[in-house]
Amino acid sequence: MGLLSHLGLQELYSASSEEESEEEEEVITEEDMAKLKDQVEEKKKLIATLRNKPSPMKQKLQLLKEAQEFVEKFEGALGKGKGKKFYAYKVMMTKKWMKFQRDFENFKTACIPWEMKIKEIESHFGSSVASYFIFLRWMYGINMVLFGLTFGLVMIPEALMGKPYGSMPRKTVPMSEQDSAMNFATLWDFGGYAQYSVLFYGYYNNQRTIGWLKFRLPLGYFLVGVGTIGYSFMVVIRTMASNANEEGGGDDTSFNFSWKMFTSWDYLIGNAETADNKFASITTSFKITQESILEEQENRKEGNIHLTRFLRVLANFLVLLTLAGSGYLIFFVVRRSQKFAQEGLDDYGWWERNEVNMVMSLLGMFCPMLFDIISPLENYHPRIALQWQLGRIFALFLGNLYTFIIALLDEINLKLEEEKIVKYNITIWEKNLYNGTWLENSTSRPPLDIDPAIVPRGPCWETMVGQEFVRLTVSDTLTTVITILIGDFLRAVFVRFVNYCWCWDLEYGFPSYAEFDISGNVLGLIFNQGMIWMGAFYAPCLPAINVLRLLASMYLQCWAVMCTNVPHERVFKASRSNNFYMAMLLIILFLSTLPAVYTIVSIPPSFDCGPFSGKDRMFDVIQETLDNDFPAWFGQVFTAATNPGLILSFILLMGLAIYYLQATSESYKAANLELKKKLQNSTKEQQVVMWIKKQMELILLISLLLRVPIHPMEEE
């Protein structure tokens with residue numbers, strides 16, 4: 001089985017190849033064939049298990065090379081002779097299949113968007129920074145699906161099969177706005193021709209079926225709006241469950257020092273500076289673990305407890321003042337923008353046109369900085385301080401968003417009041433149009449020879465809501481770009497080139513290079529997605545705009561993080577952040593659907609714009625479809641299934657089921673912890689028994705070694 005057998009088989013195989021060229025006959029005996037097959041199998045096992053052997057890398061590579069050469073050279077010999085060709089064919093196909101699988105896996109990895117960019121960032125900054133870009137890529141995939149639904153089932157059917165532009169008032173720019181409809185300022189505010197296009201709700205007709213396909217556009221519009229929310233819930237919850245399964249339920253409360261010693265390293269780091277920072281971070285974590293014990297002992301003392309409590313109360317009071325001031329400022333500027341809109345925006349400049357969006361973006365930029373200044377007053381542990389910071393930024397964004405929604409609801413109520421006046425004016429206009437002769441069955445639709453641009457029309461509050469969310473998304477994108485260019489790029493340029501002639505070291509002192517703000521960027525991404533979910537029903541173009549925004553953010557932030565940022569002083573692993581981000585995203589998804597559902601269920605749609613015009617509520621399109629396209633019994637069953645009493649009973653049953661599953665899960669967790677304790681105790685008992693056995697064996701061995709024959713002393 002050693003070198004001699006290896007050389008003997010080589011000579012045997014060379015002799016067989018020479019004789020085979022002369023005549024086709026079996027030259028390898030069955031005994032030699034069995035030995036050769038056993039050696040090939042041993043070499044294959046060696047190749048598979050070589051990485052686990054405690055040998056130097058140079059020796060491993062040499063053994064691997066020799067084993068591979070042996071397998072490639074002698075595996076084909078197993079196919080020589082009678083009845084062995086099928087084995088050789090199977091070996092060949094197995095190799096080709098393994099090669100295909102390896103190439104296909106490489107192809108799949110190459111097809112993942114931005115995989116190499118993220119790997120490069122991961123090697124320089126660790127998995128914590130890379131987790132943001134992975135999250136951004138995941139959000140890009142979600143928005144691509146939402147864009148596909150709205151573009152394929154709403155925008156394309158209306159553009160191809162619906163009535164063209166200029167055929168009716170809702171598809172025509174009013175005469176008073178046509179002169180400025182193509183101005184850059186008007187288009188930048190998504191007015192003019194952009195407002196009267198498939199980008200917004202008001203352009204769509206309420207015709208039940210359109211085109212030769214008889215496509216039911218109002219029903220499709222409603223189902224796509226509901227389907228996007230349902231799909232988002234399903235994907236987020238499924239991702240959270242997948243992350244929970246991957247993280248597992250390991251016990252990290254015992255042997256903390258051992259876990260930190262052997263599992264703290266991030267093996268995805270490939271940059272020297274990041275590796276140094278990670279080494280320093282691990283060292284610091286040991287110090288912090290020791291210091292935390294001392295801090296806990298110090299905190300139990302009654303020395304400065306009153307001062308600490310006072311400073312924490314003061315810090316929270318300042319934070320509440322900041323949040324309240326932020327909400328009041330947003331409410332104030334929204335009301336002021338309503339005043340500007342009533343007076344006409346032509347008399348105002350760029351700031352008045354975009355005041356709401358800019359104020360919200362600036363508050364989102366500067367309020368977290370103010371929270372950073374307030375945070376040291378509380379003297380919390382860094383981990384607890386980070387949680388408080390995230391919670392405050394979350395409350396800031398959520399409060400600003402809901403303040404904006406409340407102000408929009410006030411504006412919607414004003415638009416509904418304005419609709420009543422417009423309806424009366426349209427009645428007077430129709431009477432004048434027919435020379436004072438009133439037709440009982442006449443509608444607000446003018447005759448064919450009337451230009452739709454001069455027809456009076458309502459304010460269309462749905463389009464107004466969609467425009468506000470589109471403007472807010474665009475202004476937030478511009479704020480992000482400006483922040484990167486000024487806050488990161490120009491700062492890095494200043495530090496890089498002015499450091500040579502400055503009084504102190506700018507790279508290690510103030511202002512230094514910027515670190516990548518993971519938490520702020522993730523929260524900004526989450527709340528921007530919340531605005532997309534909230535406004536996509538009234539602006540079908542929002543998912544497309546968000547896809548472009550995420551695409552630009554990926555390339556811009558990848559460039560910025562590699563060129564202008566430095567690795568964090570404490571490099572954290574990202575495994576514990578996945579479900580935290582997803583939990584915040586799920587909360588925002590739920591809170592974002594509430595205003596949309598409220599407007600769909602409670603507020604009547606505009607009477608002269610959108611696919612639901614002429615209906616009391618938007619969801620009436622479902623009942624209309626059931627009455628016209630389904631049998632009567634199906635409509636009765638659907639009406640009975642949507643009975644509020646039945647729905648409440650179903651919700652109560654779901655609540656009880658969730659409570660039962662939660663209780664069962666808690667009992668399983670308790671049983672799991674109890675089993676872990678038993679295993680630990682049994683392991684300790686086994687260790688004690690093994691230690692006692694070893695001690696007894698050692699004592700027995702010593703007694704045997706020390707045993708010497710005792711002779712009676714001879715008396716002198």
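Glycine residues also receive a Cβ, built from the backbone N, Cα and C atoms like all the rest.
Residues or ranges marked as region 'Disordered' by TrEMBL: 1-34.
Feature annotation from TrEMBL assigns compositional bias 'Acidic residues' to 17-31.
Listed as Cβ neighbours of the transmembrane segment (138-160) (distance under 8 Å, sequence separation of 6 or more from its ends, same chain) are residues 113, 198, 203-205, 210-211, 215, 217, 220-221, 224, 227-228, 231-232, 235, 239, 525, 529, 532, 536, 540-541, 543-544, 546-547, 550-551, 554. Taken from TrEMBL, the feature transmembrane segment applies to 138-160 (among others).
For 181-204 (among others), the entry in TrEMBL reads transmembrane segment. Counting only same-chain residues 6+ beyond the ends of the transmembrane segment (181-204), those with a CB under 8 A from a CB of the stretch are 154-155, 158-159, 162, 165, 170-173, 217-218, 221, 345, 350, 353-354, 460, 462-463, 466-467, 470-471, 537-541, 606, 609-611.
If you look up TrEMBL, you'll see 219-237 (among others) marked as transmembrane segment.
Residues of the same chain lying 6 or more positions beyond the ends of the transmembrane segment (310-334) and with a Cβ under 8 Å from any Cβ of it are 355-356, 359-360, 363, 367, 370-371, 374-375, 377-379, 392, 395-396, 399-400, 403-404, 406-408, 410-411. Look at TrEMBL and you will find 310-334 (among others) tagged as transmembrane segment.
Long-range contacts of the transmembrane segment (358-377) within its own chain (CB-CB distance under 8 A, at least 6 residues past either end) are made by residues 311-312, 314-315, 318-319, 322, 326, 329-330, 333, 351, 385, 388-389, 392-393, 396-397, 400, 404, 472, 475-476, 478-479, 483, 520, 524. Taken from TrEMBL, the feature transmembrane segment applies to 358-377 (among others).
Residues or ranges marked as transmembrane segment in TrEMBL: 389-409 (among others).
Residues belonging to the domain 'TMC' (460-575) score a mean pLDDT of 84 in the model. Marked as domain 'TMC' by TrEMBL: 460-575.
Long-range contacts of the transmembrane segment (531-552) within the same chain, counting only residues at least 6 positions beyond its ends with a Cβ under 8 Å from a Cβ of the stretch, are 136, 139-140, 143-144, 146-147, 149-151, 154-155, 198-201, 225, 228-229, 232, 401, 405, 462-463, 465-470, 472-474, 476-477, 481, 588-589, 592-593, 595-596, 600. The transmembrane segment annotation in TrEMBL covers 531-552 (among others).
According to TrEMBL, the transmembrane segment annotation covers 580-601 (among others).
Per TrEMBL, the feature transmembrane segment maps to 637-661 (among others).
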